[in-house]
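Student: Sharing the feature lines straight out of Swiss-Prot:
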type	residues	note
ACT_SITE	Tyr210	active site, proton acceptor
BINDING	40-64	NADP(+) binding site
BINDING	Ser197	substrate binding site
TRANSMEM	3-23	transmembrane segment
Amino acid sequence: MHIVLEFFLVTFKVLWAFVLAAAKWLVRPKDKSVAGQVCLITGAGSGLGRLFALEFARRRAQLVLWDINSQSNEETAEMVRSIYRELEAEDSARRAGNATEEEVQPCCNFQVYTYTCDVGKRESVYSTAERVRREVGDVYLLLNNAGVVSGHHLLECPDELIERTMMVNCHAHFWTTKAFLPKMMEMNHGHIVSVASSLGLFSTAGVEDYCASKFGVVGFHESLSHELKAADKDGIKTTLVCPYLVDTGMFRGCRIRKEIEPFLPPLKPDYCVKQAMRAILTDQPMICTPRLMYIVTCMKSILPFEAVVCMYRFLGADKCMYPFIAQRKQATNNNEAKNGI
């Protein structure tokens, strides 16, 4: 009898979860404040990582930027400093206009910290994380964004590039989380954001290593979320970001069927980041952009494999990566010819 009562209770909780989800969809929750919080972003030197840094800077977060390219990372940091200066000027103007203390949020003591780190190397992650703890303090929000793509068919891809893709795109999430999660758990306070991809939910031909790495991120993130729930660490939030193809140049040349592309074009980076920020700041567990990706993922789970293949071929998604791979191969050959290899 006890298990029967528990079954009805669980059923009620499941239905209530649907009600809450619908309510959040109809009435967007208020964004939480990250002002003064230490937010660490990997792969901050370019692309989505840079845009995430600028968005968090506008919200007065204290930023720690990691990238393997120190020059591009410093360029991002300078953009962040420019935003901080604008916020300081706005605060000064408000004070001059006799604004109340609540209306003026301090920003003048904020700094942005840059670290050159190869997240694909465990030792580099752990040593850099130790420097961050010593020089900056405890990290509140960890945004795992760094990623690479090899751009080769499986049988043509050097083993070293496959390993590199897995290390940077997937294994790095393990190292950074192990470095900063203990303090979050001690305080029951923090937020871990995993930037994966729609190719971590469904796959296509020609990017086996990339898909495997992103599927790994999705599995890692979901298991971590369950582990935090099992440990009753409700103060630590997690957000999984799964965007469709983003127009950052990472997959330049990738094309679906030309008749379909106007209805499903590559995402603008700014739009992708703004949607992700909405999810992060409202503690949303997962965000797929565009929303159509939710439907595609569901259909892939319930349809027969041959039906999925038919859909891929209709959309031109079965070989959408082939032009991208051809461009990468041509660029590699041109570089080798230029260098006399």
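Backbone N, Cα and C atoms are what each Cβ position is placed from, and that goes for glycine too.
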Student: So what sits near Tyr210 (active site, proton acceptor) in its own chain, CB-to-CB under 8 Å and at least six residues off in sequence?
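Tutor: Listed in sequence order, they are Val149, Ser150, Thr165, Asn169, Ser197, Leu199.
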Student: Count the other Cβ atoms sitting within 10 Å of the Cβ of Phe52 (NADP(+) binding site), across every protein chain shown.
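Tutor: A 10 Å sphere around the Cβ of Phe52 (NADP(+) binding site) contains 28 other Cβ atoms.
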Student: Which of Phe56, Val64 has the fewest nearby Cβ atoms, counting only those within 10 Å, among these binding-site residues?
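Tutor: It is Phe56 that, of the binding-site residues Phe56, Val64, has the fewest other Cβ atoms within 10 Å.
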Student: Can you count the other CB atoms that lie within 10 A of the CB of Leu48 (NADP(+) binding site)?
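Tutor: For Leu48 (NADP(+) binding site), the 10 Å Cβ neighbour count is 25.
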Student: For Ala44 (NADP(+) binding site), which residues of its chain lie six or more apart in sequence with Cβ-Cβ distance below 8 Å?
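Tutor: Long-range Cβ contacts: Arg50, Phe52, Ala53, Leu63, Leu65, Trp66, Asp67, Asn73, Thr76, Asn145.
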Student: Just counting, how many other CB atoms are there within 10 A of the CB of Arg60 (NADP(+) binding site)?
Tutor: 19
Student: Might you list, by sequence position, any residue in that chain lying six or more from Leu40 (NADP(+) binding site) with a Cβ less than 8 Å away from its Cβ?
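Tutor: The answer is Leu63, Val64, Leu65, Trp66, Val132, Val139, Leu141, Leu142, Leu143, Thr176, Phe180.
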